[in-house]
Amino acid sequence: MAKLNSCFQRLFVFFNLLFAIVGGVIIGLGLLGQFGYNDSTSEFENQTKGFLVMYLVGGITMAMSLLGAYGAHGGKRIPLIVFLAACFICCFGLLRLAVPTAMYRSEMKQIVEAKFREVLPLNEASTDVRQFTERIQLNLKCCGLFSYTDWGNNVPDSCLCQGEEDQMEGTCLNIQYRLLFLSEYRMTGHQKLIYKQTCFPILEGYLAKALDIVLGVFFGFAALALLGAVMSAVLLAQLRSSTVAVPVVFSVSSHPSTFDFSSHPPKYSKLYNEPEKPEK
């Protein structure tokens with residue numbers, strides 16, 4: 001095995017083993033998420049693609065990291081070359097996704113808003129859309145995507161303020177009783193209290209944060225892939241420079257037809273060709 005810088009070699013192996021652990025964590029999170037969605041068949045089917053992406057990313061990360069660690073630990077050129085090529089491909093692919101996403105971020109927000117407006121009015125939307133919106137309203141304490149009028153004349157109970165604390169904070173709005181279902185929640189005369197805040201601005205804020213996280217992950221992994229490529233290139237350069245050619249010495253005797261090829265340094269006696277003795 002060719003001699004490598006031991007400190008740099010250990011650093012590279014540690015770098016790859018750390019990312020192998022990260023890949024295993026990604027796969028583990030995918031498994032936990034998959035088991036968590038087993039209770040709801042419809043939601044599980046909707047999340048299948050996300051789980052597959054997590055398995056794919058985690059598997060590729062583990063495979064690349066273990067390959068790089070093996071090549072560095074054993075001083076193997078081929079695994080390091082494959083690791084170098086894979087790092088460049090991953091870096092290019094991540095940048096290819098991250099850069100356009102960052103450039104067209106505002107347009108993506110407009111597309112998301114247009115998709116939400118397509119489901120209006122909510123009282124005429126599909127059952128899945130209505131149930132999804134009501135869950136959001138209960139969790140985020142909001143009403144409607146863009147206005148409580150998104151529900152038409154059928155504003156659901158999930159829009160209603162459910163405690164004194166909400167009223168003290170000024171988060172509630174009085175609307176006419178005829179716009180609401182009959183309910184046991186709080187009533188003021190012929191009006192009822194609903195959440196003033198609409199849901200889409202809250203969702204938009206969460207989506208913006210999620211997009212920032214995704215872009216950070218993409219650019220971060222791209223930088224780490226580039227770092228891995230540079231480190232593997234340095235190791236390959238060390239392997240190449242540490243390979244010393246074995247010297248071959250040619251010694252020519254006094255006889256023209258006789259040559260001596262040796263892979264070892266010649267003895268002093270072979271360097272000196274004795275003169276031929278005159279014939280008697």
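From the backbone N, Cα and C atoms, a Cβ is placed for every residue, glycine too.
The model shown is predicted, which means the values in this text are computed figures rather than measured ones.
Here is what TrEMBL records for this protein:
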DISULFID  CYS142-CYS172  disulfide bond
DISULFID  CYS143-CYS161  disulfide bond
TRANSMEM  12-32  transmembrane segment
TRANSMEM  52-71  transmembrane segment
TRANSMEM  78-99  transmembrane segment
TRANSMEM  213-237  transmembrane segment
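Looking at CYS143 (disulfide bond) and CYS172 (disulfide bond), their Cα atoms lie 10 Å from each other. Each of the disulfide-bonded residues CYS142, CYS143, CYS161, CYS172 was scored by the number of other CB atoms within 10 Å of its CB, and the largest score is that of CYS143. Rounded to a whole value, the Cα-Cα separation of CYS142 (disulfide bond) and CYS161 (disulfide bond) is 9 Å.
Residues 60, 64, 67-68, 70-72, 215, 218-219, 221-222, 225-226, 228-229, 232-233, 235-236, 239 of the same chain, all 6+ positions outside the transmembrane segment (78-99), place their C-beta atoms under 8 angstroms from a C-beta of that stretch. Here CYS161 (disulfide bond) is positioned 6 angstrom away from CYS172 (disulfide bond), judged by their C-alpha atoms. Reduced to three states, the DSSP call for CYS143 (disulfide bond) is coil.
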